[in-house]
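Each remark here refers to the structure printed beneath this line.
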Amino acid sequence: MSRSAHPAGPRHADVYPEGHYTAPAADLNVLDEKVWARTVRRNSDGVVTVGGIEVSRLAEEFGTPAYFLDEADFRARCRAWADAFGPDADVFYAGKAFLSRAVVRWLKEEGLNLDVCSGGELTTALDAGMPAERIAFHGNNKSAEEIERAVRVGVGRIVLDSFQEIVRVAHIAQSMGKRQRVQIRVTVGVEAHTHEFIATAHEDQKFGIALADGLAAEAVRRALRLDGLELIGIHSHIGSQIFDMAGFEVSARRVVQLLAEVRDEHGVELPEIDLGGGLGIAYTSEDDPSEPHEIAKALHEIVSRECEAAGLATPRISVEPGRAIVGPTAFTLYEVGTIKPLEGLRTYVSVDGGMSDNIRTALYDAEYSVALVSRTSDAEPMLVRVVGKHCESGDIVVRDAFLPADLAPGDLIAVPATGAYCRSMASNYNHSLRPPVVAVNDGQARVIVRRETEEDLLRLDVG
Ligand SMILES: *Cc1c(COP(=O)(O)O)cnc(C)c1O
């Protein structure tokens, strides 16, 4: 995406400093529904509400910074994905985006399955009552203990990531007298992000077994020979924040080719393919994600077309959206602390959180939006950079955005679309206390992950 400077609107005919932004929205008080959770509104007093509760009340009760998660929106998105893919496909929510016991219960109630990639995620899922057969276990370096536990509790599938793991899982399952359902994760030479994808012949990443050089075919050969394994299919995950189906098209074609080779060599038609996750969401008004039914239709068409061409029955499809389900359902609420105007450049707005509650801007140069939510304002837009309180100049939450020029300490501002990869990647940097996640639904707010306390910090520090 372009990061070059460009003139942005009528404000003193300014050319803004280098950064990525379009002109400020015509009215900064208007909330773009694309980036906000479904029940977010601004009420007649100018205060933003979620689930019918004013953010000022939420801040008073739960403090800031805090993540507020719109439960109705989360459930609606689960249902939209499940309905779009229908009974002949499986939707696995990628737990790494955000996982808590409440979330697991919602997933269970809405009929979704769950991807985990660590013992900790597996524990959370099982503790909250997710049936093991609805859990898929991922990871490029699962420990022997993790594999043993996954097999023992009977997870629905383990996604095998390497040649070593094929043998390890087979051995562990066999020694328990079990036959574990598995998929093999292949890398198809497609890396997709946002509006583009790169097709490469050579894989340079830690995950999966390359299709190239017959490696994946060899993995299938080995897995089919081992008694401890029931090979149910092939898995491919091509990227993140993807808006364009073209990468999935190439990926599906290559996976189906492998299925055809497997049939020709072994006389076996593997019944499932998993196309992974990575579907994009709107972080700013410029992003235009597709709806689940459009994605489902496109993926079903691609797979059935490729299978027909290869003379294969269409396998059962699964997908693994994480961000696309939870991302848009939450926002982070901050209180404005210090404000530092830099004449002719930008205004730094410091909030009471930062890179410890949202590392994505520092880590991936991610883009976010921000709005003043405790009141409306008719002041001019000012170019801001929202920064945290950490001892680190890279501690940026929103790199470039506009807020009203009368912004003042004590105002509440909110960053939308922070449901995915924010709390789950939060840290204790500077011994900060990780914020709570509060679920809001129909006039009720309840903590689902509580705020850390200084006691929590000291408990780990054994002196
Ligand atoms: C991270 C991941 C996902 C989910 O990615 P999103 O961008 O959150 O949709 C799905 N499958 C696998 C294997 C992953 O590693």
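The backbone N, Cα and C atoms fix where each Cβ goes, and this holds for glycine too.
The pyridoxal 5'-phosphate site recorded in TrEMBL comprises Glu320, Pro321, Gly322, Arg323, Tyr421 together with one of Gly278, Gly388, Gly463, namely Gly278. Only Gly278, Gly322, in sequence order, out of the binding-site residues Gly278, Gly322, Glu392, Tyr421 have a CB under 6 Å from ligand 1. Listed in sequence order, the binding-site residues from Arg360, Tyr364, Glu392 having a Cα within 10 Å of the Cα of Gly322 (pyridoxal 5'-phosphate binding site) amount to none. For the recorded positions Lys96, Arg323, Arg360, the ranking by surrounding Cβ atoms (within 10 Å, all protein chains) places Arg323 first. On the backbone, the CA of Pro321 (pyridoxal 5'-phosphate binding site) and the CA of Arg360 (substrate binding site) stand 18 Å apart. When the Cα positions of Arg323, Arg360, Tyr364, Glu392, Tyr421 are compared pair by pair, the longest gap among these substrate-binding residues is 27 Å. When the recorded positions Lys96, Arg360, Tyr364, Glu392 are compared by Cα distance to Arg323 (pyridoxal 5'-phosphate binding site), the shortest distance belongs to Lys96.
Apart from the site residues Gly278, Glu320, Pro321, Gly322, Arg323, Tyr421, the chain places the Cβ of Ala94, Ala97, Ser240, Gly277, Leu279, Ala324, Ile325, Gly327, Ala420 no farther than 8 Å from the centroid of the site's Cβ atoms, the recorded pyridoxal 5'-phosphate location. Of all the recorded positions in the list Lys96, Arg360, Tyr364, Glu392, the shortest Cα-Cα distance to Glu320 (pyridoxal 5'-phosphate binding site) is found for Lys96.
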